[in-house]
Amino acid sequence: MTSLGGRAFLWIYLVFLIAEISHSDADSIDDQCRHADSCERCLSAHLECAWCTDKEYQVGYRCLSRRQLLNYNCSETDIYENQPVLDVLQDKPLKDYETSDQAVQVTPQRAYLKLVKGNTQRMKLSYRTARNNPLDLYVLMDLTWTMRDDKKTLEELGAQLSQTLKNLTGNYRLGFGSFADKPTLPMILPQHRENPCAAERATCEPTYGYRHQLSLTDDIPAFTSAVANSKITGNLDNLEGGLDALMQVIVCTKEIGWKEQARKVVILVTDGFMHLAGDGLLAGIIQRNDKQCHLNKAGEYTGSLNYDYPSLEEIYRELLRRKINVIFAVTEEVVSSYWELSALMKEISYVDILSADSSNILELIKKSYESLIKRTQFADNSPDFIDMAYYTDCGGQFPSLQKRNYCNNVTLGKQIDFYVDVTLKKYPDNQVYTHKIRVEETSLSEFMDLDVELQRPCPCQETPDPENEEGRFLCDYKGYLYCGMCECDEGWTGTYCNCPTDATNVTSNEALLQKCRQPFSDKSTSELVCSNHGDCDCGTCLCDPGYTGPFCECRECLDCDEKLADCFCGQCVCKYGWSGSKCNCDGDTDACVGPTGEICSERGTCQCEECQCEEPYLGKFCEIDPEKDNKLCLFYEPCVTCLIEQKQGMGVCENLTEICSSLDRQETYPYNFVHELDPEQDQCLVRLVNKHGIQCDSFFVYQVIDHSNFLTIQAVDCEPPDYVALVGYISAFTLLIGLLIIFIILWYIRAKDAREYAKFEEDQKNSVRQENPIYRDPVGRYEVPKALSVKYDENPFAS
């Protein structure tokens, strides 16, 4: 009995709790609704807000939830509310390509949407890459003098090219065209126009801009023959007219033979840079490229001297519009320039390095084609007042839905689901309420059409009738009925326009004061006139500065941008897609997601698409820690190590796709090896032991541009020491040291002797000589007198 009683109590408690939560939610909705002062603002405040147009409705708030309006006796037929609708009209199942029928790669194909302003409708869109889908591959080749070996290689690889394409799809066609540059000064010397190879002491074809050699065909021998019969030409500068030629390949649909349902690919092969829009001025060509086909019957581009080169934007838009992908197969010397170009149109372009003689072109075609079919991206033509956001987990590549309209590394035959959020941000200025929107795959003629109907603004606001007799009667003939409320004539106010704006005619002061009190509220201000924040003037609150609302119950929104937010009782309620205290941030954190997949490296917050880093972190993604290693340096280190080892002949990097691609296995990072990095750039260090067993320090820098990663690497290969030379150096060094020591010793001795001799001479100069007074010379001297002197020649003893 006790157990049964406990269970009963528990059930009663749960029912009470659910009812309390539901009541709380309803009150929350009503709080958002009740401050809307017009039908349109009411329906925009919340999806469940409704407006009462009942003439007999007595409650002050006409904008509440449908349930609350019915509770306050608003007639059900006079309630105008939001009514969103989603209905799928065509939903063919996904299927692969068959010769008797076309493939279906997108489902559903058509749907109906009724949109409510400020409300989001979510619908599911599925995509699956079809097997054996048709491929149209057009080879556009630079045939200037430096590409002569590449032409010969392509000619020899014709049969192998056929087999390569068969391995990719069983339904393919090939076309061929060539280009050089505009045949005029300064692109070519006039005297060399007929033979631009004269400087090389050779003969070649006169310079031309673009020549269409072979329309798309499944005849491989015809393709090989077209390549073989094409002639080498030349130009003066190192810039080519590739964009001129590419524009013609794109827009000359009939001449090239593009098939609408095929995957259309242009592979542009060159070893030079491109002329861009404006370069034509150098040749006196001022007319802008008209994006029209100008091929004569021989396939020659006749507008080369009439129209400037196209811009990258013009090329990009035409590629998108006609669903054509472009592969830039370029040499290593110019690849960095094409990486930057491809980053501007990454969803429809691919760049890879071409070997010096184009011998790797088959591998390049296979690799780039597989990369293209592994990527799917959707775009739409929605007007600016309708927002469309895409969410997907890319077939399980992410643990949760990510805000993105593309997926990489899509497996052939695997279904990818996208969830499309469609939101009506505002009503169109032209008051057109039916629209057609196409959501299409950017590389294929696969799409979903949306028939969109916009829920019109409140109908009662569209046809005001100031002269309606019944409406004027209800408004005391001093106004007219407008959406269930009296719109008073000048000089009158009040619920029924029975209060003159001249205060001297007030008949019932207490009745007018009552109109300045909130009709129902749980707040303590319900008995206060104008919430104690204003004065009651003829039944209408005149609010003090800083307050607003019918009863001055709300603070003003000082920082709300009216274009981005609505002010509801002192709070900025951001419109769809905007956030922040001032609603000036679009709420998209995609720009703050670094290569590691983390928002601001988990060291900051994303505000207005920029990382606001915590102290002491720095960098675009807060990846730099002044006291520790750079987080992105560590992220890229395995990839760079692998690339350096591969370049230095230490083996093939087998897991390159895994460690050198983004988290969703996007195409391998573009990279470039240089002899020396810019010392002004912040460099990352990678330390590895080379094949000689020597530890070497190499350096690299990374660039992240619109989620595309670029690596520039300075690989240092430390060579082993030359022992013979080392012994020679040591011996020579030892000999030099010995000679130096001997020289120093000799110099020291000589210097010492010189000092002592100088001292001796100085002492000699300063010495004084005199005899000692007590000194007696031991030698006596006697002098014989002259008288006793004898001549030596006389004999004194002679007689």
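Including glycine, each Cβ sits where the backbone N, Cα and C put it.
Taking Cβ-Cβ distances under 8 Å and a sequence separation of 6 or more, the neighbours of Cys483 (disulfide bond) in its chain are Ser38, Cys39, Trp51, Thr53, Arg62, Cys458, Cys460, Gln461. DSSP classifies Cys483 (disulfide bond) as coil under the three-state reduction. The disulfide bond annotation in Swiss-Prot covers Cys460-Cys483 (among others) and rests on sequence analysis.
Summarising the annotation, Swiss-Prot assigns disulfide bond to Cys475-Cys486 (among others) and lists sequence analysis as the type of evidence. Taking the Cβ of Cys475 (disulfide bond) as centre and 10 Å as the limit, one finds 26 other Cβ atoms among all the protein chains shown.
Per Swiss-Prot, the feature disulfide bond maps to Cys499-Cys538 (among others); the stated evidence is sequence analysis. According to DSSP, Cys538 (disulfide bond) sits in a coil region rather than a helix or strand. The Cβ of Cys538 (disulfide bond) has 20 other Cβ atoms within 10 Å, all protein chains considered.
Annotated disulfide bond per Swiss-Prot: Cys543-Cys552 (among others), in sequence order. In the shown protein chains, 20 other C-beta atoms lie within 10 A of the C-beta of Cys543 (disulfide bond). Under DSSP, Cys543 (disulfide bond) is assigned to a strand (E or B) in the three-state scheme.
Per Swiss-Prot, the feature disulfide bond maps to Cys554-Cys569 (among others); the stated evidence is sequence analysis. Reduced to three states, the DSSP call for Cys554 (disulfide bond) is strand.
Sequence annotations record features per position, and here Swiss-Prot assigns disulfide bond to Cys557-Cys567 (among others). For Cys557 (disulfide bond), applying a Cβ distance below 8 Å and a minimum sequence separation of six or more within one chain yields Ala565, Cys567, Gly570, Gln571, Cys572.
For Cys572 (disulfide bond), the Cβ neighbour count at a 10 Å cut-off comes to 21, with all displayed protein chains included. The disulfide bond feature in Swiss-Prot is assigned to Cys560-Cys572 (among others); the stated evidence is sequence analysis.
Secondary structure at Cys574 (disulfide bond), taken from DSSP and collapsed to helix, strand or coil, is strand. Under the heading disulfide bond, Swiss-Prot lists Cys574-Cys583 (among others).
Note: Cys585 (disulfide bond) has non-local neighbours Trp578, Ser579, Gln607, Cys608, Glu609, i.e. same-chain residues 6+ apart with C-beta under 8 A of its own C-beta. Mapped onto three states, the DSSP output places Cys585 (disulfide bond) in strand. What Swiss-Prot records for Cys585-Cys608 (among others) is disulfide bond, and it gives sequence analysis as the kind of evidence.
The disulfide bond annotation in Swiss-Prot covers Cys592-Cys606 (among others). Cys606 (disulfide bond) carries a strand DSSP state (E or B).
Counting only same-chain residues six or more apart in sequence, the Cβ atoms lying under 8 angstroms from the Cβ of Cys600 (disulfide bond) belong to Cys592, Gly594, Cys606, Cys611, Gln612, Cys613, Phe621, Cys622. The secondary structure of Cys600 (disulfide bond), as reduced to three states from DSSP, is helical. As annotated by Swiss-Prot, disulfide bond applies to Cys600-Cys611 (among others).
Marked as disulfide bond by Swiss-Prot on the basis of sequence analysis: Cys613-Cys622 (among others).
The domain 'VWFA' feature in Swiss-Prot is assigned to 136-372; the stated evidence is sequence analysis.
As annotated by Swiss-Prot, domain 'I-EGF 2' applies to 499-553.
The signal peptide annotation in Swiss-Prot covers 1-26.
According to Swiss-Prot, the topological domain 'Extracellular' annotation covers 27-725, on the basis of sequence analysis. Averaged over the topological domain 'Extracellular' (27-725), the predicted model has a pLDDT of 85.
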List the Cα distance (Å, whole number) between Cys475 (disulfide bond) and Cys499 (disulfide bond).
11
Going by a 10 angstroms cut-off between Cβ atoms, which of the disulfide-bonded residues Cys486, Cys552, Cys583, Cys613, Cys622 has the sparsest surroundings?
Cys613
Rounded to a whole angstrom, what is the C-alpha distance between Cys486 (disulfide bond) and Cys552 (disulfide bond)?
20
Measuring Cα to Cα, how many angstrom lie between Cys554 (disulfide bond) and Cys543 (disulfide bond)?
10
I'd like to know which of the disulfide-bonded residues Cys460, Cys499, Cys560, Cys567, Cys569 has the most other Cβ atoms within 10 Å of its Cβ.
Cys499
Length of the line joining the Cα atoms of Cys552 (disulfide bond) and Cys569 (disulfide bond), in Å:
9
Would you mind ranking the disulfide-bonded residues Cys554, Cys574, Cys592, Cys606, Cys608 by how many other Cβ atoms sit within 10 Å of each Cβ and giving me the lowest?
Cys608
